[in-house]
Amino acid sequence: MTLTSFSQDPNKNSSYHPLPDSESEIHLKHEDRIEASSSSARRKARINRYALAGAILASTNSVLLGYDIGVMSGAVLYIREDLRISSMQVEILVGSLNVCSLIGSLASGKTSDSIGRRYTIILAALTFLLGAILMGLAPSFSFLMAGRIVAGIGVGFSLMIAPVYVAELSPAMTRGFLTSLPEVFINVGILLGYISNYALSGISPSVNWRLMLGMAAVPAMAVAVGVLAMPESPPWLVMRGRLEEARKVLVRTSETKEEAERRLSEIVKAASLCSTNLRGGQGAVWMDLLFRPSRSVRRILIAAVGVNFFMQASGNDAVVYYSPEVFKEAGIQGKRQLVGVTVMMGIAKTSFVLISALFLDNFGRRPLLLLGSAGMALSLAGLGLGSKYLEYSDPKPEWAILLCVVAVCSTVSFFSIGLGPITWVYSSEIFPLRFRAQGSSLAISVNRLVSGLVSMTFLSISEEISFGGMFYTLSGIMVVATIFFYFFCPETKGKSLEEIGALFEDQVHENNDDYKLLS
């Protein structure tokens, strides 16, 4: 990674100057910055239109993953019939995309630092486009798997870069809403996948699943073209010494010139520290992140990896992927009926993620995260109870079937309130600039690995301990997750990216709505 040196005073050795007509100094005193931040927090936050447009364009990439998750849950019913594959092959097919996305997630850190956040988003869309074409034309299971592998790499790039880009572009007071947009678009994609399943379910099984999977190429092309209109991330521009370009972007994404000036000053200062500590290049960053982290960096890493781990250990992706199997076990018969019920689940999931996104900057990350994980624990316990009752009942009572349907919708809804949007927000905002790309890629690699493992073992484990036993297990995991979030995840609402690191230091102010972190 090539950096412009900021080892000395950035204002003496760069082309950066205060914005025109501004009475503020570049270097605000620490007390002045705190006072300005508090004053800003008291004002009603308004969403900057330019930042919103950039966030929407970047987040549109997430439609691709959502569409794949939604469409595969129904398409696999017809793939199994047409290609005559086993349950183990179904698990490999479904989970392979998540496991292969590890490649994209791990590579995205270096790629986004090298070619920029914006072009990495384009790379993600083009890679997924190729995978969608391969899956749509697949004449055999092995060909279909090749398409899944390519699409998975594109998904890995997308999941890391979209939240990081949006977090770096957004003002502090609306960053929660804007950075949660990737999860909103994932859910929109899931719903579109469900609708596609339902609309194409009447076509021949040898054709419909190919159309379902191949249609993902359309949004991928739209994303690749649309991203060209986006600005580059200001921190990346500063790291490259392109301060005038960064200033122009910040002016357009801030409410006032003073706010833009303050944001640029903080980024320049962070880049100065980053440059001073990056003498050894990318290798030194990984060494300091994994093997010799400071106390605060270690806490940040634990929080980021923990949130991503529990997001997928909750079993949400598996529940979405295999919801037709769950509903079939509950007693709902007929492929079209099964797909219809999943559409209802998708509507509930999308509705609640929109609600969460809208209130994320008002209520904060921590309360919604705790509410979502506790709600999932109760919902999964209810799903386990209904599944267990149906397992030993013949005929199957309607109330138990209804309980399972409601519990599944409740589970995905609570996920959309908490872990769904907040995982992306948290992963992208808590790392210091020096570690942001690599730290986020590592956390999301854990996310993808756990998602793949859960997706590839969900049916096999459920066959051994029953769906009821599996849901009880997932409920227990969410109880542990709630405890983890309570002790390891401080509130980051309303703080700049450069201020968030202080939350993970030894000193935590009592008036911060935070709490004392565990050592």
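Numbers run from 1 along the shown chain.
Positions of Cβ are set from backbone N, Cα and C atoms, glycine also.
Heads up, TrEMBL stuff is auto-annotated, nobody curated it.
If you check TrEMBL, you get these features:
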| type | residues | note |
| --- | --- | --- |
| COILED | 243-270 | coiled coil |
| COMPBIAS | 1-16 | compositional bias 'Polar residues' |
| DOMAIN | 54-493 | domain 'Major facilitator superfamily (MFS) profile' |
| REGION | 1-22 | region 'Disordered' |
| TRANSMEM | 50-79 | transmembrane segment |
| TRANSMEM | 85-107 | transmembrane segment |
| TRANSMEM | 119-137 | transmembrane segment |
| TRANSMEM | 143-165 | transmembrane segment |
| TRANSMEM | 177-195 | transmembrane segment |
| TRANSMEM | 207-230 | transmembrane segment |
| TRANSMEM | 300-323 | transmembrane segment |
| TRANSMEM | 338-360 | transmembrane segment |
| TRANSMEM | 367-387 | transmembrane segment |
| TRANSMEM | 399-427 | transmembrane segment |
| TRANSMEM | 439-461 | transmembrane segment |
| TRANSMEM | 467-488 | transmembrane segment |
### Query
the transmembrane segment (367-387): which same-chain residues, six or more beyond its ends, come within Cβ distance under 8 Å?
307, 310, 314-315, 326, 329-330, 356, 359-360, 400-401, 403-404, 406-408, 410-411, 413-420, 422, 426, 466-472, 474-476, 478-479, 481-482, 485-486, 489
### Message
Could you check whether the transmembrane segment (50-79) packs against the transmembrane segment (467-488) - three or more CB pairs closer than 8 Å, residues at least 6 apart in sequence?
### Response
no
### Message
Using a Cβ cut-off under 8 Å, which residues of the same chain at least 6 positions beyond either end of the transmembrane segment (207-230) come close to it?
### Response
54, 57-58, 60-61, 63-64, 67-68, 71-72, 74-76, 78-79, 82, 118, 121-122, 125-126, 128-129, 132-133, 135-138, 147, 151, 154, 189, 193, 196-197, 200-201
### Query
Which sequence positions outside the transmembrane segment (439-461), separated from its termini by at least 6 residues, show Cβ-Cβ distances below 8 Å to it?
87-88, 90-92, 94-102, 105-109, 155-156, 159-160, 163-164, 289-290, 300-301, 304-305, 307-309, 311-313, 315, 317-318, 321-322, 325, 423, 427-428, 431, 470
#### Entry: Cβ pairs under 8 Å between the transmembrane segment (300-323) and the transmembrane segment (338-360), at least three
yes
### Stretch among 119-137, 143-165, 399-427 sharing the most Cβ pairs under 8 Å with the transmembrane segment (338-360)
399-427
### Message
Limited to the domain 'Major facilitator superfamily (MFS) profile' (54-493), I'd like the whole-number average of pLDDT.
### Response
85
